[in-house]
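Inspection log for the structure reproduced underneath, given as structure tokens.
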């Protein structure tokens, strides 16, 4: 027949395989190898096996940073789901046209880089910027003041960054929700609010959990917001990795931190998947 | 209830658009400091993007990188998605899963990996580095959109054209490609926009030799900023809206984002 064997079909995959192999697989191996490398005599590092970089991590300073990062990102995931879920539910009940318009706007928002989000919140929270002036106008504050750097500012900006993501992550499940379930619940006399809490939310629970995890991992990767809006004690693991790699040129320690970050993300994903009954 | 819904939607919309309004207002400030509500009105910060050569070069770099890496990502993704869908090859499916992975990880990990790769290969700060890095990092997007497009191809169409004697290549060109093309375009557009806004991978692969806009903005943020950033933010938002409107026009946006028809 004219259909080629699976061998000839695979030939077409060679260029893609080479690209993915070299540029996805090799970087990972390099990170792992560098994280256990040993110092060389020239002051650089060379292949070998040593746990010294992980030992450096295992001090209270870095462990506290890791715990802070995890706690902050968990809180952000929770808050952004609370904000985004009711909206996404309403969105899926709109007509196709207004759904598309809303989605275009949310996508545009979502693709504004973290740099620009950080910038806009810096203005909003600055002494000359929006929120403080409004507080003065309505008489809640005597005179204008700066709200950065602070942990609250980091939290506010990261939640803002995460909300459009949450909407898009929840959208598939909510828009595929069987509408007859809602109708049935309404016919049986449940109020819209009751339907929302007893039908819609339980049915979409897997999506809520997987979106939460995705947002957690996503915000764990935030780099600019913590630096621009927070004090050094609000820096997350990702900021520390960047700092070590670019400004201290300490690749082995940056790699060790990256391995920790990877392990943290992977274990959260694993634990949540296990306890949510798998998906 | 309807009132509560409206109120909630209004607050949500205000929340999303609030910072954008502030940025837009600041971008029209007359003075060289960031104030809201703005003082005076002028377009000078928009003109500055094109007049100040460093900002304009950064814009050009970003556009070039985004175009090249989005093209590369689609070229890598197309055969993988096609082979996985058409023949269900296990190898293609595994490659598909590997191609999705970089996007799920915190980007700083990929960035560090690329940095180590390019330094050990002796490729310092070349433009091609960031193009490849972005293509691999964003590969998940065309993979997903293209396979969504392929799923909407009716397999009986393929059988029919094969019965009429069309070769695989002809079937691909005349039946599959026209249906999948809008989805491939959507994947390209997603890559383009995200590459345009990506910061950390660009910084770690070429940041000190090739300056992209996000890198330039971040440096400006750290060392005393100018309202040019605000006008660039507005420009970016407009580009983003235009690109996603194009996707919505030429393919099915709600479907790409996971809704059923």
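Using N, Cα and C of the backbone, Cβ positions are placed for all residues, glycine too.
As given in TrEMBL:
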type: DOMAIN; residues: A:66-270; note: domain 'ABC transmembrane type-1'
type: TRANSMEM; residues: A:12-33; note: transmembrane segment
type: TRANSMEM; residues: A:66-89; note: transmembrane segment
type: TRANSMEM; residues: A:101-124; note: transmembrane segment
type: TRANSMEM; residues: A:144-171; note: transmembrane segment
type: TRANSMEM; residues: A:207-229; note: transmembrane segment
type: TRANSMEM; residues: A:249-272; note: transmembrane segment
Closest-packing stretch to the transmembrane segment (A:207-229), where packing means Cβ pairs under 8 Å, from A:66-89, A:144-171, A:249-272: A:144-171
Positions whose Cβ lies under 8 angstroms from the transmembrane segment (A:12-33), at least six residues beyond its ends: 47, 255, 258-259
Region pair the transmembrane segment (A:249-272) / the transmembrane segment (A:66-89), three or more CB pairs under 8 Å: yes
Cβ-Cβ under 8 Å with the transmembrane segment (A:101-124): same-chain residues at least 6 beyond its ends: 91, 94, 130-131, 148, 153, 156-157, 160-161, 164-165, 167-168, 171, 222-225, 228-229
